[in-house]
Amino acid sequence: MDSQVLLGVALSSVGGFSTSIGALFVILSKAPSLKVLGLLQGFAAGLMLSISFFDLTHNALNSLGFLRGNLWFFAGVIFFAVVAKFIPEPTPSPPISNDKSTKKSGNEGNKGIMKRRRRQVLLSGVITAIGISLHNFPEGMAVYLGSMKGVRVGLNLALAIALHNIPEGVAVALPVYFATESKWEAFKLASLSGFAEPLGVIIVACLFPTSLNPEILEGILGSVGGVMAFLTLHEMIPLAFEYAGQKQSVKAVFCGMAFMSARVSLWAVFLLLQSGRCLQRRNSKISSNINVEQLNMKQVGTIHL
């Protein structure tokens, strides 16, 4: 497998397996804190907005011009709007409460009702897992296309999507855990739903060659920016408002944006230092080669004498 594909699979796996973290929220605590999940969504939304507008879309506008850059951007918006319409993203909600009185009651009718409820909740968990899997395909594709531009872009997308996927793991694990009372089943199904992201990478790697025309790559990344912007504004920010409240969520969004800006700045400094070291090594190697050549010339002159 090509190294570029392996990198894309590795980065998308970070986002995909973060659904397992969401499952751990359910398994390790009786009632996961929706406020914490909301703040995580707000923070991830800040990361996504920074990546979308200040990186991907900005580069597309600079490379392709204002008109073509916008066309690519809104093509991504329309594409993901269609996906969201037909495959809406499920959100974590508390399942039907399991009354202790119902458990202790020996009434067969009550037992039958509880059994039916558990079956319905389990079915909703399975449907949620399928929906999230389908929903994660475009996200895996976005990470892979971002990694084609550079490790920094792919890593930033993977980090933002990983934070976004934690509540999705909760959405799968919560009903399954309620219905089966099995921690392993809840964790397993939530983790499997995250496999769609690396699978999306493999599919898009077969469709797009690694040696894409630079203009086409910039356009596709502009579309990825549109996808990320729609996902953030349509799903992540409203969910953050619902779980953590408007004021706290807005603070989390700006914290995410500030974190991404600081991260990009630190990455730029790191690359500058690395290039300086490489240049220093290259100069020292050139100077040592010159010294060797001068020494050889002196030796040749001595022999002739």
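Positions of Cβ are set from backbone N, Cα and C atoms, glycine also.
Here TrEMBL flags 6-29, 36-54, 66-87, 121-137, 157-177, 189-210, 216-241, 253-273 as transmembrane segment. Here TrEMBL flags 93-112 as region 'Disordered'.
Of the recorded ranges 6-29, 36-54, 66-87, 157-177, 216-241, the transmembrane segment (189-210) has the largest number of C-beta contacts under 8 angstroms with 6-29. For the transmembrane segment (157-177), the partner stretch with the highest count of Cβ pairs under 8 angstroms, out of 6-29, 36-54, 66-87, 216-241, is 6-29. Beyond the ends of the transmembrane segment (66-87), by six or more residues, the same chain brings 57, 60, 131, 134-135, 138, 218-220, 222-227, 229-231, 234-235 to within a C-beta distance below 8 angstroms of the stretch.
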